[in-house]
Amino acid sequence: MNLLIMGPPGAGKGTQAEVLVKELKITHISTGDMFRAAIKEGTEMGKKAKEYMDKGALVPDEVVIGMVKDRLSQADCKEGFLLDGFPRTVEQASALDATLQDLGIKLDAVINIEVPLEKLMARLTGRRVCKNCGASYHVIFNPPQAEGKCNSCNGELYQRSDDNEESVGTRLNAYIEKTKPLIDYYEAKGILKNINGDQEISAVLNDILVAVK
């Protein structure tokens, strides 16, 4: 089974990807991991990507697509894969379609994890980090035993600047703006599966498995 997973920051996409690949016995292709591996192995596409990254420039689509094509051609993808973190735009999705066609691969479903905006805000702004040892807490899901204090070292907990409401709001709006056309693109192809991410992890997983089987 060949799948693609999407979801805004805070939707639990990473958690679902981890359990899903084990459940379906397919390969997890995270674009971040793929980049690191290609650069480390010194592949042709990895070298090209490194040139751009060293200059602090965005890696062009054709290089990313080249890396995705290399990765999908590897033996561990023959039994199926879960693509995570790519595509991010309709242009990339269209290029991915052409690549899959070249490789004779069919994309079976696109999983889109949906969580209401206010819930995402609560999830993302609730993180607290210990100034002393770096331990991470969450005011709702993993609160410290004593408010504002680390369980391990009694250090002071603080909210990172990129976890405040303004920063989180900007990130979420950017995601929505950028991916709305992508969601429409896959919906038009009839392979989009919208999943309610505002429930227990096991319930979300169950809904995904029902949707893709």
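Cβ atoms here come from the backbone N, Cα and C positions, even for glycine.
Per Swiss-Prot, the listed range annotated as region 'NMP' is 30-59 (candidates: 30-59, 60-89).
Taken through DSSP, the region 'NMP' (30-59) splits into 22 helix, 1 strand, 7 coil.
Distances between the Cα of GLY12 (ATP binding site) and those of the binding-site residues THR31, ALA57, CYS150, CYS153, ARG160 are shortest for THR31. For the binding-site residues ALA57, VAL59, CYS130, CYS133, CYS153, the largest tally of other C-beta atoms within 10 A is found at CYS130. Listed binding-site residues near CYS153 (Zn(2+) binding site): none (candidates ALA57, PHE86, ARG88, TYR137, ARG160; Cα-Cα distance within 10 Å).
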